[in-house]
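To start, the structure itself, in structure tokens.
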């Protein structure tokens, strides 16, 4: 029998979130009552904290907030539900249900996230349970899509190595399943499972314990030469090592993470550091033991310092390696060589193994809906009706129609043509390499616009791009509405992080291959200043770049910023 987990003594008073988790009866709280309370479209904050473990955030429409306050109404509460899709894989049947959920219960759109998951926004409280039950019918769920647990496990999307990719994808699915919370609360609350009145004495979380992790935890697997998952931004980054076209194991990197707090230099983005190599049969055990180290030693007092990166930085990588070896009972091997070439996606039709085809669509900022002159949601619905392969959500918020048989390719190509679905070929390379988080109006943390603003800002930057002949030059550009890092803006060659309405910090100098952070270049500037700052740098780059030199490398060589390979130097 598995014994209950007892945490070692903690320093500092536990945060209020730790109290909520401890008292929650394994994530139940009072959710059953408050989600059925007809007097409010929202729920109390304690239950909102627990809803995250069930894959949902309570939000409100911030565009309406002031007017509703004036009318003495409660905020326009709504729920965002994030669906867990390991490796970004979804069947056509699952796609059709997500499409229906967006139109039936949401705001009519799907958001593809930078962690290869679906998000549906605008769900009213009374519809959340129906939503959960209907996605369950096609074997989808939102358990652990948010919260202080391991989140959606990411996996490289690489059609050029289809057989290998499938093997690696299967490992991402196994990791996701192995690290799921074991509480029955999700099934009780949303799927009408048998109720457990008080499970404190008989329910066990064999990996997490009753308090779960100090903060969220993220894992991704990359297959070189593609680093589309931004493997060094993860708590655990796994790099598939291939010899003679066969997977022999994974290099393991630990302690990455993007979030920080403006003005607090004790918080910073950080790159995961490689600690060695493991064979595939050791993967689940190694990941579990790493998570238990964070469970036991992570900061449960100050949440902004609770991520795994701070645990490692506070105690040292040598301490971590010794502790991991102690828990495993064996030492991992030396890291193996590999090379990354890019973090972006390859668009259009690509022929993979076994004669099957893959088509990658450019989805600007991951937003799928029927625009006035671009029926993207409808077009993809029609493809899902005839497609016999699968869909792959990419870490760059794009979409791959994957494993298309030669027999279906003509039909799907015709639908792509009919609805003018785009691979982005007519867009600038800058736009094709852009990412933005949702931000306003639904994100409660947003300080500035992101998804609604970045496309128009890029249009203005493209004027400079056109003038300098850089239209086909790939430059990674990302925008976050706050410093929490959902768009991984700290790993962009040009990064924007919101400071306030219409104001951003401008960061430069991350690497095109995803192994270096950027650094602040200008603080708290608006659009006019952004364009004025970028113009001379882009002109300089166009004139004096070396052959094959990426923008992020150039701005370091030219002295605009210094290189950052350790997050503790991010603010220096």
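Note: Cβ is positioned from N, Cα and C throughout, glycine not excepted.
The annotation [4Fe-4S] cluster binding site is assigned in Swiss-Prot to 437, 443, 482, 486 on the grounds of sequence analysis. Residue 437 ([4Fe-4S] cluster binding site) falls outside any helix or strand according to DSSP and counts as coil.
Packing around residue 486 ([4Fe-4S] cluster binding site) is summarised by its Cβ count: 22 other Cβ atoms lie within 10 angstroms of its Cβ, all protein chains included. DSSP assigns residue 486 ([4Fe-4S] cluster binding site) to coil in the three-state reduction, outside any helix or strand. What Swiss-Prot records for 486 is siroheme binding site.
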Surrounding CB atoms that lie within 10 Å of the CB of residue 482 ([4Fe-4S] cluster binding site), all protein chains: 23
Candidate with the highest Cβ count within 10 Å, taken from the binding-site residues 437, 443: 437
Cβ-based neighbourhood (8 Å from the centroid) of the [4Fe-4S] cluster site, residues 437, 443, 482, 486 excluded: 438, 439, 445, 446, 450, 480, 481, 484, 487
